[in-house]
Amino acid sequence: MDQHQHLNKTAESASSEKKKTRRCNGFKMFLAALSFSYIAKALGGIIMKISITQIERRFDISSSLAGLIDGSFEIGNLLVIVFVSYFGSKLHRPKLIGIGCLLMGTGSILTSLPHFFMGYYRYSKETNIDPSENSTSNLPNCLINQMLSLNRTPSEIIERGCVKESGSHMWIYVFMGNMLRGIGETPIVPLGISYIDDFAKEGHSSLYLGTVNVMGMTGLVFAFMLGSLFAKMYVDIGYVDLSTIRITPKDSRWVGAWWLGFLVSGIVSIISSIPFFFLPLNPNKPQKERKVSLFLHVLKTNDKRNQIANLTNRRKYITKNVTGFFQSLKSILTNPLYVIFVIFTLLHMSSYIASLTYIIKMVEQQYGWSASKTNFLLGVLALPAVAIGMFSGGYIIKKFKLSLVGLAKLAFCSATVHLLSQVLYFFLICESKSVAGLTLTYDGNSPVRSHVDVPLSYCNSECNCDESQWEPVCGNNGITYLSPCLAGCKSSSGNKEPIVFYNCSCVEVIGLQNKNYSAHLGECPRDDACTRKSYVYFVIQVLDAFLCAVGLTSYSVLVIRIVQPELKALAIGFHSMIMRSLGGILVPIYFGALIDTTCMKWSTNSCGARGACRIYNSTYLGRAFFGLKVALIFPVLVLLTVFIFVVRKKSHGKDTKVLENERQVMDEANLEFLNDSEHFVPSAEEQ
C-alpha cells in the first residue's frame, strides 16, 4: 500500500514537473517573440521618422504633406484601437499579435514599393529631361547671346516631361503603407502586456516588461544606425553609375536609399510574426485540455435553451456596459485634475513630436549637417541619454515614493528644462546663407528685401539663364549662386573632381584681388562660428534629452493616481487617443506648414507645379520653429502650477479619496509605467 502511494506521488510529481516545464517553455517563447516584435516595431517607427525628409524630396512634396504622411500611422492605429481593446482579450492573443506583426511588415514593404515603379530620381529636373543622365556634362554655363539647349523654358519641360512623371502621386502608397503599419502595430503592446500580466509568476511582471522595453530600446539604436548607413547611399544605388552623380549627402537635393530601411524593417516584422502562430492561447493548459474545453464549449452552445439564455444575458450585459461606459467617461471628463493633465501632456508631447519629426531638416538647414551624421549622433548619444533618463526617473519615483504633488513638481522641472533649452536655441540660430538671387542681388553687392523675383544683374542678364534652376555653386567670394549660369560662369573643368567653373562674371564684380573669378559645384559651407554653434546645440540636445526623460516618467504614474482605480484603463485609453489624434496626427502637419512658410526656393516639377523646398531662410526657420515650441511649452508650466494648486487644495479639504490610495497603487503605477513608457520614448529620443 505504501509502495502504491509512493508510486502515485511520484507520478503526480512527474506530471506536475512536466506541466511546469511546459508552462515555462511556452511563456519563455512568448517573451522572446514579444521582445523581437518590439525590436521590429521600434525599427519601423524610427525608420519612418528619419526618412520623412528624404521622402519629401523623392516625391517632390511640401513639408506639410510629408507631415500628413507621417501622421498616417496614428490614423491607422486609431481605426482599430477600439476593436483591439475590446475583442483582443477575448481572442487568441498570440495569433492576433502575429497578425499585427504581419500587417506591420506588409505596410513597411508597401511603403518602399514606389521606389521600384517611379524610375530614376532626377535631382535636377529643370535642366535634365532624361532621368538616366545626371552627369556633369549637363551643367549650364553662361553663353552670351546664345540659347543653351539645356536651358529650356518651363513650357518645354512640361511638354516633354509631364507625362513621364505620371507617378508623382505615388506618395499615396507611402501614406497607405504607413497607415497599414499603424493598424498592424496596434495589438502588440496592449495584448502583449496583458498576456505577460496574466501568465507571469506573481511579482515578476515588472521584470519581464522591463526586459521587453530594453529590447525595444536596442531596436531604436539599431534603427538610427541603419538610417545613418542608408542615408549615405544614393537612392538609386545599384541602378545608376554612381560616378556620374554630382551631388553629395550634404546637398539639399540628396536622397538616400530610404526604401532600403523600409524593406529591412518589413522583413524583420514579418519574421517576428512567425513564432506567435505556434504559441498557445493559454500556456498553463496542454493542447489536449484545450481541445476538450473547446469540445465541451461547442456542445453547450448547441443547446437551444442555453443560446436563448445567453442571448438575453448578452443584451443585458451590453446595455449595462454601454451605460457604464458613458458614466465612466463622464466621470473622468468632469475630473478637473484629469482634464488639466490631458491638456498639459498634449502640449508638452507636441513639442517632442515636432522635434523628432523635423530635427534632421532643422540641423541640415541650420548647420549643414548631413542626415547620415545626424542619425548617427542621435543613435549613439541622444537615445542612450533618453533611456538612462527614463530609468533614472523611475528610480527617483520609487526611491523617494513621490506623492501626487511630488510627481507634478518633477514634471514641472522637466517642462522648465525643456523651455530653457528652446530659449537657448534662439542664440544658436545661424544667419541665413548669402545666396545671390535670394538674400543678395545677383552681383552680390546688396541685400534684397524679398527673395521673390529678384531682378537679374548686368553680370548675367545676357546669359539666357533659366531662373527656376537649382544647381548651386559656391563662388570664391563665399556667396552661393543658384546655378553656374546665374553666376555668369563661361567654362568648367568638365567631369573632373572637384568640378570648378571659371570666368564667372558675377564673382568678378566683387573685385577679388587674385583675379580668380571661379566657383565650385555645391553650396558654400557654413562659417566656423556656425559650426561651433552646432556642437553647442547638440550638447544641449543630449542634456535636454536626459533631464526631460527623467521628468516625463512621472506622466505615466500621474494618469493612474488622479483617477479612481476602476477608471484607470479608460483614463489611459482616452489619454492615448488624444495624444495620437491631436498630437501624432496634427503636430507634423501644422509644424510642416510653418516650416514651408520659411522656404526661399522651391523646386519646379516636370508639370510646372511647386515641388519640394531647396533652401530655407535659416534665421526665420529657427525663430518660427523654436518660437512655436516655446508657445506650446509655456502654458504647460502654467497648467502644472494650477494642477499643483488644485492637488494641495484637495489634500487639505474633505475630498481626499484620490490621494488616500497613493501608497497602495505604487507597484501598479510602476507596472503601468513600463507599459506606457514606449509611448513617451519616441517623442523624446532626440531631445
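Each Cβ is built from the backbone N, Cα and C atoms, and glycine gets one as well.
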Exercise for the section: Consult Swiss-Prot and report the residue, out of Asn321, Asn516, annotated as N-linked glycosylation site. Expected result: Asn516
Practice task
From Asn151, Asn675, name the one Swiss-Prot lists as N-linked glycosylation site.
Solution key: Asn151
Practice task
Indicate yes or no: per Swiss-Prot, are Pro140 and Ser328 on the same side of the membrane.
Solution key: no
Exercise for the section: Look through Asn310, Asn503 and state which residue has the annotation N-linked glycosylation site in Swiss-Prot. Expected result: Asn503
Problem - Listed as N-linked glycosylation site by Swiss-Prot, one of Asn8, Asn617 - result: Asn617
Exercise for the section: Sorry to bug you, but what's the C-alpha spacing from Cys465 (disulfide bond) to Cys474 (disulfide bond), rounded to the closest Å? Expected result: 17
Completion exercise
For the topological domain 'Cytoplasmic' (85-96), the distant same-chain contacts (Cβ-Cβ under 8 Å, at least six residues beyond its ends) come to 30, 33, 187, 190-192, 194-195, 276-277, 279-281, 573
Practice task
Could you state the whole-number distance in Å separating the C-alpha atoms of Cys465 (disulfide bond) and Asn617 (N-linked glycosylation site)?
Solution key: 24
Completion exercise
Close to Cys459 (disulfide bond), taking Cα pairs within 10 Å and only the recorded positions Asn503, Cys506, Asn617, are Cys506
Completion exercise
Averaging the pLDDT values of the topological domain 'Cytoplasmic' (398-409) gives 90
Practice task
For Cys465 (disulfide bond), just count the other CB atoms lying within 10 A of its CB, please.
Solution key: 25
Fill in the blank from the handout: Cα of Cys485 (disulfide bond) to Cα of Cys506 (disulfide bond), in Å and rounded, measures 10
